[in-house]
């Protein structure tokens with residue numbers, strides 16, 4: 001893996017990055033000790049998040065069409081857009097399996113804070129470099145986290161394997177790698193003021209992920 005701006009930021013914020021990608025909630029899934037009530041709380045709140053995530057990804061696609069000189073950016077992001085339809089259907093199916101009533105879910109503070117950031121990122125004034133950096137960060141945290149639960153020494157219970165495969169699988173890892181390359185390319189060519197905004201978004205998302213896991217873990 002070539003080293004770019006993102007890799008430097010990960011190193012500089014290693015503690016926060018590890019907290020976001022190896023959170024006790026995820027480790028409890030990996031170790032087979034997770035409280036199912038915590039998993040259901042995550043399921044409820046992440047469904048609310050994904051409903052707000054869809055328009056954010058759509059906005060990244062629009063920004064790519066206007067600001068990126070590489071057509072492959074749009075193709076990569078469009079692939080992510082297509083997958084979100086299946087993701088929403090999966091949440092509904094998973095909720096039914098766990099008797100979770102999604103229509104009655106009330107957003108918790110961590111969910112509301114995360115969705116407020118998405119609204120800021122959707123704003124047309126937010127540049128493409130910052131938006132695609134944020135997109136990669138959100139996706140990479142989930143891929144890094146849930147892939148832990150698929151390792152050969154994990155004790156993930158059968159009931160949660162489907163959820164872990166959804167974000168921990170190799171294909172999603174390859175997709176995240178494509179987003180990483182896009183973000184790094186734009187960060188390398190960005191003005192310092194833009195790079196600073198992207199770094200702020202990167203660090204804020206890591207903290208919001210930690211807060212979201214904390215909320216789920218209870």
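We number each residue from 1, going along the chain as drawn.
Using N, Cα and C of the backbone, Cβ positions are placed for all residues, glycine too.
What TrEMBL annotates here:
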type     : residues    : note
DOMAIN   : 16-216      : domain 'Thiaminase-2/PQQC'
BINDING  : 46, 87, 139 : substrate binding site
ACT_SITE : 209         : active site, proton donor
C-alpha spacing of the residue listed as 'active site, proton donor' relative to residue 87 (substrate binding site), in angstrom: 19
Sequence-distant neighbours of residue 139 (substrate binding site) in its chain (C-beta under 8 A, six or more apart): 80, 172, 175, 176, 179
Densest Cβ neighbourhood among 46, 87, 209 (recorded positions), 10 Å radius: 209
Check: same-chain CB within 8 A of substrate site center, minus 46, 87, 139: 49, 50, 53, 84, 138, 142, 166, 167
Rounded to the nearest Å - Cα separation of residue 209 (active site, proton donor) and residue 46 (substrate binding site): 11
